Amino acid sequence: MTTVTIATTTAGARPLADTLTMLRRNLLRAVRYPGLTSFTIAIPVILLLLFVFVFGGAFGAGVMPGVAPGADGRAAYLDYITPAILLFAVVGAAQSVAITAAMDATSGIMARFKTMAISSGSVLGGPVLGTVVQGLVAVAVVLGLAVALGYRPHAGGLGWLALAGLLALVTFALSWLCVAMGLSAPSVETASNTPMILTALPFLGSGFVPVETMPAGVRWFAEYQPLTPIIETTRALLAGTPLNTSTTLQALAWSVLIAALGYAWSRALYRRERR
Amino acid sequence: MTSNLAVDVRGLRKSYGDLTVLDGVDLAVEAGTVTALLGPNGAGKTTAVGVLSTLLKADAGTVRVAGHDVVAQPEAVRASIGVTGQMSAVDDLLTGVENLRLMASLHHLGRHDGRERADALLAQFGLTDAARKPVSTWSGGMRRKLDLAMTLVGAPAVVFLDEPTTGLDPRSRRTLWDEVRALVAAGTTILLTTQYLEEADQLADRVAVLDGGRIVAEGTPAELKSTHDAGSLDDVFLRLTEPTPEPSADPTTKEVAR
Ligand SMILES: Nc1ncnc2c1ncn2[C@@H]1O[C@H](COP(=O)(O)OP(=O)(O)OP(=O)(O)O)[C@@H](O)[C@H]1O
Ligand SMILES: [Mg+2]
């Protein structure tokens, strides 16, 4: 994970130590300003409750043929959407780093960092790693709630480890993309606009309803968009069923690609002159 | 060659679109001295400091800081400088002591030394009492002092201060002057901008006046006063810099007044 963060070694800078310093700063800020973090955790929690208790009774019968609407439907739907809600938590955490990055870029503190012997990977990598921590906390909270509502994962020890690794990687990748989006925003207020697109992704996939039920164009997008293999791999890991090699590789490849693009874009924006 | 120059600027040009801000600036600051860069609002002082501190890219010219070229060796320049910009550059959500310890960590001072350095700077700038409160609750002048303290954590060889005393009360301003003198006595080179010409008179070994994109006068405060037959640097400044055009009467003003 840190290999991407410390890709360039610069004289005077100590990339690993500087990244950890910036991570510490980011976590400290999250504690001082818990509003953003609580918000990113509250959204998937509300979504889970909404989808299970309001839509679940009817939708469950739709996604699981043979299940009766009502309580059985709710249980079936909880089972079906929990993986997608976890991805929603991950996406929400990543989006918040766009605001964090824009706050730094507009406040003058980033200008100070730029005049110091610290690499861009460290200045921006700290918040990214902090977001991975926040994303995993959000995932744990949502998963805990799902279990309290009756969800029963069947992952083994290795499965849990793989799940944490996958979700950390996805948060890491999306966070780099969101850092770039935050840096390209002219103000803090507009920083969350572009990342908003990501909110739609868990819906436009196999997370909430089977893609077979969608019209051709939407279905095509849903089948090939990056979050679909990620959600399916998450689903399989939670269910403890064998992984589909091709789907898993797609999930990993998308994550690495998004991380690389987001990282390169962020670095370019960091050294850009701000207007 | 000119190895004792801490800042060596030749033919520096910088424009924003059609607006040429720096139009061939030459500036030399000898190591261990203080130079004050003066100039009317919008003359390009902040832009010049931006180029010198690797924040902005020059369109033409060569700029060397602490012996390193800002384009070829930006990391070496960054490792040698400390910058207090015109804009506040503190972390509002952290406390004063946390801000300083953050700087200490980024300068790899180590836990013990970092804490000592932070405490010493807090005491030096009279911020010890407020040190454990979030900076967002501090007054403007206190934040300015923290900004300066953060710049000094790494004991930089060359320090750029862009209007460092703006917003400071007279006592704090004098404290800062003493601080600058102490730094210079210890061998630090300082380039500062200021609108308080008394400050330049008090502190600077040399003064450079930037106007119309160029350095229009350069010398010791005494030299400038005698060449321009002026009693104070204020008079020198007024004689050298063109008057800013009066803002044309705003037609809406009358409408509102009516
Ligand atoms: N990012 C930018 N984009 C466009 N124009 C800019 C930008 N930054 C500065 N300028 C212009 O460049 C000129 C010089 O600005 P600068 O801030 O360097 O002046 P200054 O001498 O520091 O002024 P002051 O005494 O008010 O601080 C001004 O006309 C300003 O409008
Ligand atoms: Mg200025």
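Keep in mind that glycine also has a Cβ here, set from the backbone N, Cα and C atoms.
TrEMBL: automatically predicted annotations, no manual curation.
What TrEMBL annotates here:
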TRANSMEM  A:33-60  transmembrane segment
DOMAIN    A:35-273  domain 'ABC transmembrane type-2'
TRANSMEM  A:80-102  transmembrane segment
TRANSMEM  A:123-151  transmembrane segment
TRANSMEM  A:157-183  transmembrane segment
TRANSMEM  A:195-211  transmembrane segment
TRANSMEM  A:251-270  transmembrane segment
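Counted over residue pairs 6 or more apart, the CB atoms of the transmembrane segment (A:33-60) and the transmembrane segment (A:123-151) come under 8 Å in at least three pairs, which marks the two as touching. Counted as Cβ pairs under 8 Å, contacts with the transmembrane segment (A:123-151) are highest for A:80-102 among A:80-102, A:157-183, A:251-270. Within the chain, the transmembrane segment (A:157-183) has long-range Cβ neighbours (under 8 A, six or more residues past its boundaries) at 1, 4, 86-87, 90-91, 93-102, 105, 124, 127-129, 131-132, 135-136, 139, 191, 194-195, 198, 230, 233-234, 237-238, 240, 251-252, 254-259, 261-263, 265-266, 269-270. Proximity of distant same-chain residues to the transmembrane segment (A:195-211), defined by a Cβ-Cβ separation under 8 Å and at least 6 residues beyond the stretch ends, is recorded for 51, 59, 62-63, 80-81, 83-85, 87-88, 91-92, 94-95, 98, 174, 177-178, 181-182, 218-219, 221-223, 225-228, 231-232.
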